[in-house]
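According to Swiss-Prot, the feature compositional bias 'Low complexity' maps to 772-787. According to Swiss-Prot, the feature domain 'PAS' maps to 14-90, an assignment based on sequence analysis. Among the features that Swiss-Prot reports, intramembrane segment is placed at 428-448. Residues or ranges marked as region 'Disordered' by Swiss-Prot: 138-157, 691-749, 772-803, 821-875, 971-1017. Look at Swiss-Prot and you will find 556-620 tagged as region 'cNMP-binding domain', backed by sequence analysis. According to Swiss-Prot, the transmembrane segment annotation covers 229-249, 260-280, 303-323, 333-353, 362-382, 483-503, on the basis of sequence analysis.
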Amino acid sequence: MPVMKGLLAPQNTFLDTIATRFDGTHSNFLLANAQGTRGFPIVYCSDGFCELTGYGRTEVMQKTCSCRFLYGPETSEPALQRLHKALEGHQEHRAEICFYRKDGSAFWCLLDMMPIKNEMGEVVLFLFSFKDITQSGSPGLGPQGGRGDSNHENSLGRRGATWKFRSARRRSRTVLHRLTGHFGRRGQGGMKANNNVFEPKPSVPEYKVASVGGSRCLLLHYSVSKAIWDGLILLATFYVAVTVPYNVCFSGDDDTPITSRHTLVSDIAVEMLFILDIILNFRTTYVSQSGQVISAPRSIGLHYLATWFFIDLIAALPFDLLYIFNITVTSLVHLLKTVRLLRLLRLLQKLERYSQCSAVVLTLLMSVFALLAHWMACIWYVIGRREMEANDPLLWDIGWLHELGKRLEVPYVNGSVGGPSRRSAYIAALYFTLSSLTSVGFGNVCANTDAEKIFSICTMLIGALMHAVVFGNVTAIIQRMYSRRSLYHSRMKDLKDFIRVHRLPRPLKQRMLEYFQTTWAVNSGIDANELLRDFPDELRADIAMHLNREILQLPLFGAASRGCLRALSLHIKTSFCAPGEYLLRRGDALQAHYYVCSGSLEVLRDNMVLAILGKGDLIGADIPEPGQEPGLGADPNFVLKTSADVKALTYCGLQQLSSRGLAEVLRLYPEYGAAFRAGLPRDLTFNLRQGSDTSGLSRFSRSPRLSQPRSESLGSSSDKTLPSITEAESGAEPGGGPRPRRPLLLPNLSPARPRGSLVSLLGEELPPFSALVSSPSLSPSLSPALAGQGHSASPHGPPRCSAAWKPPQLLIPPLGTFGPPDLSPRIVDGIEDSGSTAEAPSFRFSRRPELPRPRSQAPPTGTRPSPELASEAEEVKEKVCRLNQEISRLNQEVSQLSRELRHIMGLLQARLGPPGHPAGSAWTPDPPCPQLRPPCLSPCASRPPPSLQDTTLAEVHCPASVGTMETGTALLDLRPSILPPYPSEPDPLGPSPVPEASPPTPSLLRHSFQSRSDTFH
């Protein structure tokens, strides 16, 4: 027969395991998604971390796990780089880092990062554990005195030997913490396993669905073996209920020794079974009041000691062993054996288990009726014996035993000797009690004395009741006693019939049955809304407020009036979700806001964990503007759709607030509507509205680019960039169209340097480069050459803004002395221009230099500086510094490339040799202009300082002179384009080596200079 198994669906108890295992020193932890495409966002934040840092859970969720909002001036940059490297490699990492709380106070933290794997071995989460070690004597943050010296040491300790000394001291302290076993974690490799030798390290749990089951020594209460054992104990209990009254009443009737009794062996065997049952009960699981299956040995033992242990212990006392060892016993010991009848209370406990089967219930009731008749037969026999002993045996012979002996012709001699046998007397007594219980009897065995008549009256009264229960209205009594269970079985039968008629698949059938059973275990089939429907609204609102007090105590409803809360409580319903079930799916219409009362859920998108929700979390979507509510605004078809899946990890109790009911209440209380719409995005743990990733989700990770106001000059300077380094373009060649330019291939000129991705370098929170174009007030001034020639419009040439316009000569802007120059739109290396007028693909780089602001400058009206804005400003400053470093490195590479190009020019000059003109040359070159710079490459108009020799190289057009070039000609005309700079202007790139000249090669000249549009890149 089936047993109530309890809540046995597989659950993902990862969150509870982490909170239990890292309790105390490791209660401050974060969980981050290791499979995210945009960094590693935080998906769970413990309450201890919020208390440690001062940030709320909604402020931390979806931010990067590197915790940039905790950085400050004393945060070590090398330690952060090692942390980022460990994150990219999915490796364990431990470090001591100086973090800053929300109020700006600094604290030293022992950061421990561990990857979490699933059942397939894939890293799906990162676990970050934070330990405040400020009071343990960390450098630079001592509790007393010396803070200024420590800060000075911190400012100087990042360079040279001081930094190495502090690093060594921190490593030694980390080893000390490992040896004391305060911070255990799963080791990797032999050396890590030996670091903690005094205490075993707790293993990191896997993020997976836990298997149901426990130790092999535990006995599951719903297993087959437990059912067989319960059946055996049930038979033993019936045996005790039959034999104990019989032995007590008929023990002193004959002279047979007790040790020769036929039931002695069976009695001892039953006692051993009861003792063994006590031992097994200490190892048997049970179902708690909340429906959970308890498998902890300690909890099982305490529960058994508080319930049935003493009753089972008294019933299992081995009284029959006293007879084996020939210990003299009195009649009181025989009466103590009646205590074993308390085992029948366990039978009443099992009746509820087997009550779902009508046949079993009827059988048990019949057995109880027969057992009652047996007990009354034993009492009827004792009454007859006591009547014989109380009266004169020579004169008194009217008892029912005397009458039975006369009829059986075995009369009593002297009132006590002789008489019918024990067997005959028991059968006659049982016959009398059964006839009295079921009817009025037949008179062959009747009551003659007063005591016998009183007992007969009691027997008839009990018989009338038992007859009505068993034979009169068994079905009515079962329905009255088990009405709720009958309803349960009725609904279960309807559910099974529905599944059978519609032929539902087995997985769907299992889910339906599991949900029905677990829901029934929570609310016992009571529909609160149906039950409270007939109550008045005033009383029903008060009851609803009491039932939904958890969700109504949120800060979101703090500004609501009592009437508003009463109206809201009437639209709140309690729901339940089993493990593995989807509460919402992506793209579904969001019709309610959900508050998690118990259990945990996960938010998924494309099988990636976006957030883990626990008790006290609110999930839903922000409310649209007034007039756009579903069914209330101008658009009645407006529907909010979910952007992710919500799946239950454990058994979850939820309270859902209907969106339509919420809109109705907000319309009735407009004074609270504005406060609710403003506070809902702040209190939502996760926003499920589609499009919140781009518009609303940014509130979780407040990007400095989005939270801080931008300068107006920034937007007006989107087109103020430095021009490319170009060369003048001559007039069109008559009779010929534009030819494609060929890049000058320079293989193996410099060793390859690996370049990191700019996206990974700048962080995912930086806006695109097109939005970071420098303004005129923030960018260095243009060179005089550009100012004088580049900004004048030509009436005959193409307009300056067109792609075909090029300056008349090589223009290189001068470098400022305040820092690395801004990078102008530049042609990507390796992309050839087909000669069209379309703009070539380019990258735009710009930098906004930090403008000094007077310290006395007050913040704008209505704004106050906060630690959060300060941390965001520090983050922006850090990213800008890193961008400047990258730009400087790129400029150095461009400078190196320029020097190599100059070296190649020198080699070409030596290869071509002195100029010469054959007599039959058809190309008459123009004399070079002594006032013009060489068109191929030229230094800047003003030499930059020696410390800044970085130059930008974008495009170098080297057009040849107009005409047809023959072999051995135009050497004299080509020399100006490849000559070194004028002696009067020193080369900022350094002297270029020019080897000795060599005779010209016709093939080289023919392939090198074919048209005036050949270019070098």
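Backbone N, Cα and C atoms are what each Cβ position is placed from, and that goes for glycine too.
Across the region 'cNMP-binding domain' (556-620), DSSP helix (H, G, I), strand (E, B) and coil residues number 10 helix, 31 strand, 24 coil. Confidence annotation: the domain 'PAS' (14-90) carries a mean pLDDT of 80 in the model.
Beyond its flanks by at least six residues, the transmembrane segment (362-382) meets 238, 241-242, 245-246, 248-250, 351, 354, 400, 425-426, 429-430, 432-434, 437, 452, 455, 459, 462, 466, 469-470, 474 of its own chain at Cβ-Cβ distances under 8 Å. Beyond the transmembrane segment (229-249), the same-chain residues lying 6 or more positions past its ends with a Cβ under 8 Å from any Cβ of the stretch are 261, 263, 266-267, 270, 273-274, 277, 280, 315, 334-335, 337-338, 340-341, 343-344, 346-347, 350, 367, 371, 374-375, 378-379, 381-382, 426.
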